[in-house]
Amino acid sequence: MKIALLAGDGIGPEIMAQAERVLRYFQQEGLQIELEPGLLGGCAVDATGEPFPEATRQLAIEADAILLGAVGGTQYDGLPREKRPEQGLLAIRKELNLFANLRPVVLYPELSNASTLKPEVVAGLDILIVRELTGDIYFGRPRGIEYRDGQKVGFNTMIYSESEIRRIAHVAFQAAGRRNGRLCSVDKMNVLECTQLWRDVVTETAQSYPDVTLSHMLVDNAAMQLVRNPRQFDVVVTGNMFGDILSDEASMLTGSIGMLPSASLDDRNKGLYEPIHGSAPDIAGKGIANPLATILSAAMMLRYSFNQETAASRIEHAVQKTLQQSYRTEDIYEAGMKKVGTVEMGDRVLANLQSR
């Protein structure tokens, strides 16, 4: 099992180093994994002039999974758009046809005070958002800005095919079947024909999953319900644009994006795994970044791409035990806790892995 490690930019190398320590621990226990580093984003631009160089493309194709730190930095803002670090991330997603984005939204009991919502509203929060990643209005054609009747007009095309909807629906139903058996599909079928088709295809697909309870919700109501009563949701499936917005909204229910992993999968469960936070150049090199989202992304990788459920669960339990022991990086620190840096947080997680 070959894993490409793409540390990226900003705090990426610091947080990746801690996730790599966790993976090497399992390697020493006998897990047959091979770890190979590569360049993506700004570091790749600096080294090769390209955000997604050919060597990284080959590595990504050959690897069974990819673990990413973060990409981006203000020093690259003056580059042509196609040379900016973020284009490397878009390119690797396209190259690998990663169409399913999975975002767990979990609030650890130890961090309940970090949420801006009342503890009784978010206690026990555990949602999985499944977002279609390669279609919808972000990629539909035609698109552009042009002159019509003497003025500029901007336009985009929201479009989905039956097959695109069906394949993401299967991912969501299967995920719900592994969890609590409830799936909510989010659309805007009352005004958008594209999402009427979405609802029709998801409803049809449900016939193959009799053990999963399907519900539908309009996106404006879903945005409201995520704040009003987020615990009503188990798995949520939606299109690219709605998922982009709702997953960011849901992530803030936990109080810290430094805790949240994500996965982007192809149709064979090969995936790109990464924390949802950015490269945080303002704290890069200070040794204070929270590595837990990257460590939890490694756990997702072991679960979804390698079917190593036991190892994944052990990592998650080690993270929770570390929080129970009151260790906190600066982003999740509160009075009375033990403030630690990036490396020491990694030390604590490893110690808890070893003391199972």
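Note that Cβ sites are derived from N, Cα and C of the backbone, with glycine treated the same way.
Copied from Swiss-Prot, the annotated features are:
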BINDING   73-86, 278-290  NAD(+) binding site
BINDING   ARG93, ARG103, ARG131, ASP220  substrate binding site
BINDING   ASP220, ASP244, ASP248  Mg(2+) binding site
SITE      TYR138  site 'Important for catalysis'
SITE      LYS188  site 'Important for catalysis'
Practice item. Sort out the sequence-distant neighbours of TYR138 (site 'Important for catalysis') for me: same chain, 6+ apart, CB within less than 8 Å of its CB, listed by position. Key: ASN240, MET241, ASP244
Point to revise | Least Cβ-crowded entry, counting other Cβ within 10 Å, from the binding-site residues listed as ARG81, ARG93, ARG103, ARG131 | key: ARG81
Review point. Around ALA280 (NAD(+) binding site), how many other CB atoms lie within 10 A of its CB?
Key: 22
Study note, to complete from the structure: Checking the binding-site residues ASP77, ASP220, ASP244, ASP248 for other Cβ atoms within 10 Å of each Cβ, the smallest tally belongs to ASP77
Exercise for review: Work through the recorded positions one by one (ASP77, PRO85, LYS188, ASP248, ALA284) and name whichever has its CA nearest to the CA of ARG131 (substrate binding site).
Suggested key: ASP248
Study note, to complete from the structure: Smallest number of other CB atoms within 10 Å: among the binding-site residues GLY73, PRO85, that is GLY73
Check your understanding: Taking just the CA atoms, what is the gap between ALA280 (NAD(+) binding site) and ASP248 (Mg(2+) binding site) in Å?
Key -> 17
**Study point:** Longest CA-CA distance among ARG93, ARG103, ARG131, ASP220, per record bound to substrate, angstrom
**Key:** 28
Point to revise | Mg(2+) site, defined by ASP220, ASP244, ASP248: further same-chain residues with Cβ within 8 Å of the Cβ centre | key: VAL219, ALA223, MET241, PHE242, GLY243, ILE245, LEU246, SER247, GLU249
Review point. Which whole-number value in Å describes the distance between the Cα atoms of ARG93 (substrate binding site) and PRO85 (NAD(+) binding site)?
Key: 13
